[in-house]
Amino acid sequence: MCSTCGCGGEDGSTRVTLVDGHTHDHTHDHDHAHDHPHDHGTRTVLLEQDILAKNDLLAAATRHRLTEHAITAINLMSSPGSGKTTLLERTITDLDGRRETLVIEGDQETWLDAQRIRSTGSKVVQINTGAGCHLDAQMLDRGLAELAPPDGSLVFVENVGNLVCPALFDLGEAARVVIISVTEGADKPAKYPYMFRTADLVLLNKIDLLPYVDFDVDLCLELIHRVKPDVELLPVSATRGDGLDAWHDWLANRSSAAAPRSEYPRRG
Amino acid sequence: MPGGPPSVGKVHELAITESIVDAIVEKIGDGPVAAVRLEIGRLSGVVTDSIRFCFEIVAGGTGLEGARLDIDEPSGRAYCRNCRLEFTLDDPIMLCDCGSADLDVLAGRELRIISVEVR
Ligand SMILES: Nc1nc2c(ncn2[C@@H]2O[C@H](COP(=O)(O)OP(=O)(O)OP(=O)(O)O)[C@@H](O)[C@H]2O)c(=O)[nH]1
Ligand SMILES: [Mg+2]
Ligand SMILES: [Zn+2]
Ligand SMILES: [Zn+2]
């Protein structure tokens, strides 16, 4: 087992304790009849484990492996249509091969976004989640095995468009980016605080449209800060290009400096 | 604020419920379970009514079918670094009375399986 993050070990967070059949989880000196029906014939098994323990363990293992290979994975999350795919297309084009960039596309049913990414020349793996409205650590793990990103590369993960579910699932990414666009309500951060609280960076997209929409930027920024005081914020336009230098700087700072070692393990 | 009527549309509760059932079956096998005790904090972002709704569906056909769900919902507790006070809060927009949002959350984010009663 790795001593840094605990990955690779067995299910270490779980404790299984068998409590004898006549032991109750409440004290026994109360006055109700001893043949209390729910107590007898059952025994209590203490599990005391996080519901998401399995996901979080796998995410930790993924994070550790990615770090070892100097691969930077960025989890992009937003409501449907905030501009995740557009930002990715533009970012890949801007990088122009200076850093190998690969994409994992999470989508409930379609391959459309993956095809858009494909036409930029980037390698892309599609994960169709079907009814599931978020990616989890296992899906990313499988996606990475398929993608086989080279050492030192940048991997963008476009999560399913949804501001609720992805908040709960750690994928093992290096950073979480939440995009909100000015065509949405400025009160989104107040309505989806869980999501904004997990963000390392919030991009306020489509600022080219500000003259045409009624969007209170100050209110939005204030709400974001209220939910997550130390989050970084960048206003951008993925189509017109505003703010993208700052986005590229942020990405460069996020990129792991660790020296690449060996090839990313490919499975299956 | 999370809330509203429970529905399978809130699919993260479905995924959470599946994680619960999977984890329990993995630990104790297929034996019949009479009750499950969970701890779902009020700041966890998970709606307990939806969990109950999903549980009936997800538990069907497993040893957990028909099991009673006991859910403890611990309140949120936070420490304000500005005024150095500890206080309870159940609102996901976390703000101290002093106006500061610079808080350490001490409790309320729990998402845990505590125990099961096995028949
Ligand atoms: N004006 C303007 N339009 C934008 C901008 N970014 C994206 N769009 C448009 O917004 C629409 C949705 O963009 P997408 O990139 O497909 O959004 P998405 O977040 O990937 O959407 P889903 O994958 O469906 O969740 C498209 O019509 C884009 O052209 C921007 O900065 N300005
Ligand atoms: Mg998209
Ligand atoms: Zn979901
Ligand atoms: Zn305070």
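From the backbone N, Cα and C atoms, a Cβ is placed for every residue, glycine too.
Note that the structure is predicted; figures quoted are calculated from it, not measured.
Positions annotated as Ni(2+) binding site by TrEMBL: B:His12. The Zn(2+) binding site annotation in TrEMBL covers B:Cys80, B:Cys83, B:Cys96, B:Cys98.
Structural mapping of features recorded in TrEMBL.
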| residue | record | DSSP class |
| --- | --- | --- |
| B:His12 | Ni(2+) binding site | helix |
| B:Cys80 | Zn(2+) binding site | strand |
| B:Cys96 | Zn(2+) binding site | coil |
Filter the binding-site residues B:Cys80, B:Cys83, B:Cys96, B:Cys98: retain a residue only if its CB is under 8 A from a CB of chain A. Output in sequence order; output 'none' if empty.
-> none
For Zn(2+), what surrounds B:Cys80, B:Cys83, B:Cys96, B:Cys98 with a Cβ no more than 8 Å from their Cβ centroid?
-> B:Arg81, B:Asn82, B:Arg84, B:Leu85, B:Phe87, B:Asp97, B:Gly99, B:Ser100, B:Leu103
Under 8 Å by Cβ from B:Cys80 (Zn(2+) binding site), counting only residues of that chain that are 6 or more apart | B:Glu86, B:Phe87, B:Cys96, B:Cys98, B:Ser100, B:Asp102, B:Leu103
B:Cys83 (Zn(2+) binding site) to B:His12 (Ni(2+) binding site): how many Å between their Cα atoms?
-> 36
Other C-beta atoms within 10 angstroms of the C-beta of B:Cys96 (Zn(2+) binding site) total 18
Ten-angstrom check, please: count other Cβ atoms within 10 Å of the Cβ of B:Cys83 (Zn(2+) binding site), all chains counted.
-> 13
Around B:Cys98 (Zn(2+) binding site), how many other C-beta atoms are within 10 angstroms of its C-beta?
-> 11
